[in-house]
Amino acid sequence: MKLKMPTKKVYEVKQGSNLVEQIRLFIHKVTDPLHPKVNANRPQNVKSLSHPFSREKQHLFDLSDRDSFFDSKTRSSIVYEVLKRTRCTKAKYSMGITSLLANSVYTSAFPLHDGDIEGVNAEPNDRKLLYEQWASYSVFYKYQPIGLIRKYFGEKVGLYFAWLGVYTQMLIPAAIIGVIVFLYGCATVDDNIPSMEICDPRNNITMCPLCDRACSYWKLVTACGTARASHLFDNPATVFFSIFMALWAVLFMEHWKRRQMRLNYVWDLMGFGEEEEDHNRAEYEFRVMQKAMKQDQSLPKEEKVKLTCTDRLPAYLTSVVMMGFMISVTFAIVFGVILYRISIKAALHISTYPAARSNIRATVKTTAAIINLIVIIILDEIYAAIARWLTILEVPKTDKSFEERLIFKTFILKFVNAFTPIVYLAFFRGRLVGRPGNYLYVVGSYRMEECAHAGCLMELCIQLCITMLGKQLIQNNLFEIGIPKLKKLLRKRKSEVTSLQEEEVKILKRYEKDHFLGPFAGINPEYMEMIIQFGMVTLFVASFPLAPLFALLNNIIEIRLDAKKFVMELRRPIAAKAKDIGIWYNLLRGLSKVAVIVNAFVIAFTSDFIPRLVYQYAYSPDSTMHGFVNHTLSYFNVSDFQKGTAPLEPMHLHYKVQICRYKDYREPPWSSTPYDLSKEFWAILAVRLAFVIVFQNVVMLMSDFVDWLIPDIPKDISLQIHKEKILMVELFMKEEQGKRLAVQDNHNQETCTSPSSDDQSPSRPRSHSVIHSKASW
C-alpha cells in the first residue's frame, strides 16, 4: 500500500499572468457568496511535494505532529488494508476480513463517522461541517466543498460529486437554450402555416377511420390542438438545438477531463494506478481453495491453482441466456403496452359516455406512458438484482473486474428497459401500419397504431416527459429518501433500540450509532442514475428541448439528497483512491456519439422537417408552406375497404363519405397504379437519407475539431506537474549528494584517526555516536 504524503519541501504555485490573475481574483470575489465556508475548498498559493511514505525516507516528511500526520480517512484505509491482508485461519487460501464477512463471521466492518451532527453538545468535526455546508437544502445555490468531501470520504466519492457538479453546471447553458427553443415554438405557433391549415374549419377534409369497425370518419380540424402542440417541439429551431447539444456533449467531456486533471494534481493522484496492486476477492479465493482441495494430489506443488475459463463457462452461458431473456421480457412488455393502446382506443371509440370519447388520444397517450413508467421502475430494481447475481456467479478475480462486469450488465439491462418504449415511438410507430384497405394486423385482429397527422413527435415528447419526471421524482429521489429511512427503522427495531430510553440512546457509542445506519453500497447506482439521465438529455433532445431543464432541476435536488444520504443515512465508506471515473467515461463518450446518429434520424424520419423542406423548395407553387397539409394526404375510396373493416357508423358526420384521406405519399385510386408509393415518397426518402449522412458527418467533424482544439490538460497544470518533477529530482539529488558527503567525511575521519607507521603514540579509544530512532504508528 503506497500512500503519497506531503513532504517538507514546499513550492509556490505559479499563477497566470497579471491580467489573468486579476480576472481570476475578480471572479472569485464576485462569486464568493457561492463558495462554501470550508478551508479545504479554498485555493492554496503554496503546495507541498508529495512522495510515497516509507520509514527509510521519513526524514523527508514533517513528523512534528504524528497524531495528525495521517488523517482519519487515511488511517481507516490503512487499518482496513491490514485487516484484509491478515490471514484469518491456517487455510492456504483464506484471507482477512473479507473472508470473515463473506462467511458471516462478522456482520459488518466500517470506519466510524467523526461525530454527531445535531445537538447542543456536538463538537465541531468534518461531518458536521459537511452537513452545514453541503447536505443542507439552505445551501443549494453554493458550490460543493469537493476538497472536504475528498478528505472525509476519499477520492472515489470525491470524484463522483465533482463530476456531478460539472455535469450540473454544464446543464445550465443547455437548459437556457432549450427554453429559448421552446419559447420560439410558442411564439411562432400562430404563424405556422401547416397548423393554421389543419385548424381552418373551411378545409373540409374527411379523414379515414383510425381503427376497424369501432372508429368512424373524422374531420382533420379535430386534430388542431395536437398540431399546435407538436409545433412547440417540431420546428426549425430543434435542428439547431440538436447540433448545439452534440457540441455541448463534447464540451462537457472536455471540461470534465480538464477538471479531472486539475483534481489529480491537487490531490496528488498523478502517479496513481500503475503501481497499485488489486487484491483477489474473498469469493474468488474461496473458489480457488475448493478447487485446490479437489486437485491437491494431482497437481505439482509449484503449480499455482487458479480459475480458468472452463471453470467459469457455466456461469458465462447462464449470463448470456439470462441477459437475452431479460431483454426479451422488456420487448414483450413494450409489445403488451402497444396492444393495450390499440384495445383501449377501440374500447373508448365504442363507449356510450361522451366524456370517454372526447379526449381519446390524450387518454391513451398518458395512460400508456404511465404504464411504461411503472414497468420501467419495477424492472429496474429486478434487473439490478439479476445483474449482481450473474456477476457473482462468474466469480471475478478482483474488485475492479467485478465492478466493471456488474456495471456493464446493469447498464445494458437498464438502458434497454428505459429506452425501448422511446425507440418504438420514435422510429417504428406509424411506419408498420399499411394503408386503408390493406392494414397490417398482429395477434389476429389488432391493427397496428398510426401516428396523428402532426406525427408521433408529440407522443414521443409525452413519453420522455413522464419517464424523466417519474424516474427522477419517484425512483431516484423518493426512493433515496424513503427506503434508507425505512431500513434504518427496521434495523433499530431488530436491535431492540426502540425499547431503550431516550437518555440511553444518547449514550450509545459511536460504532453502535453507525451500525444502525445503512450499509454503503458503492457509488455505481448513483452513476447509473445520472448516465441514464444523460441519455435522456442527449439521445432524443430533438423531440424534447426541455429535457436539459428537467435534468438541471433534478440535479440541484439530487446533489443535496445524495449529500444528506452520505452524511446522515449511510455508514462511512472505506476511503478508496481513484484517479478517474473509470468505465463511466467510456459510456458517456459512447452515448454522446450515438446521440448524433439518433438525433439525425429523429429529425429526418420522426419530425416533419424534411417533408416541409422538400415541399417548400420542390413542390410548392409559390415556395411557401401553403398547401403542405393537402400535399401530405393521400386519397382512399371507401369501397376498397376489406370486408368487415368498414365503420359501423358510416353516417357519423351526417353525410355519406365516398373518399377519405390518410397521411401517406401514395397514388390516388383513379391512377393506373392505385395506392402504390408515389414519387414524392421516394424523393423525400432520398432527402431524409442524405440529411442523416450530412448531419452525422458534419456534427461529428465539428465535435472532433472541438475535441482536438481543447487540450486535455490545462496549461498551468502541465507546467506545475513539470515543475514538481524537476523539484523532486533536485530533492533526491541533494539527498544523494548529502549521503555521499557524509560517507566521505566518515572515511576522512577514520583515515585521520587511524595509527600510521610513523606515529608511535599510544592509541586512544575512538568514540562512536549512535542515534536511536523510534517511531510508533
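Numbering starts at 1 and runs along the chain as it is shown here.
A Cβ is built for glycine as well, from the same backbone N, Cα and C atoms used for every other residue.
Feature annotation from TrEMBL assigns compositional bias 'Low complexity' to 754-764. Among the features that TrEMBL reports, domain 'Anoctamin dimerisation' is placed at 1-146. The domain 'Anoctamin transmembrane' annotation in TrEMBL covers 149-724. According to TrEMBL, the feature region 'Disordered' maps to 743-777. Per TrEMBL, the feature transmembrane segment maps to 160-184, 237-253, 316-342, 362-386, 406-427, 530-553.
In terms of DSSP helix, strand and coil, the domain 'Anoctamin dimerisation' (1-146) has 64 helix, 17 strand, 65 coil. The stretch from 160-184, 237-253, 316-342, 362-386, 406-427 that makes the most Cβ contacts under 8 Å with the transmembrane segment (530-553) is 160-184.
Each residue in the domain 'Anoctamin dimerisation' (1-146) has a pLDDT score, and their mean in this model is 79.
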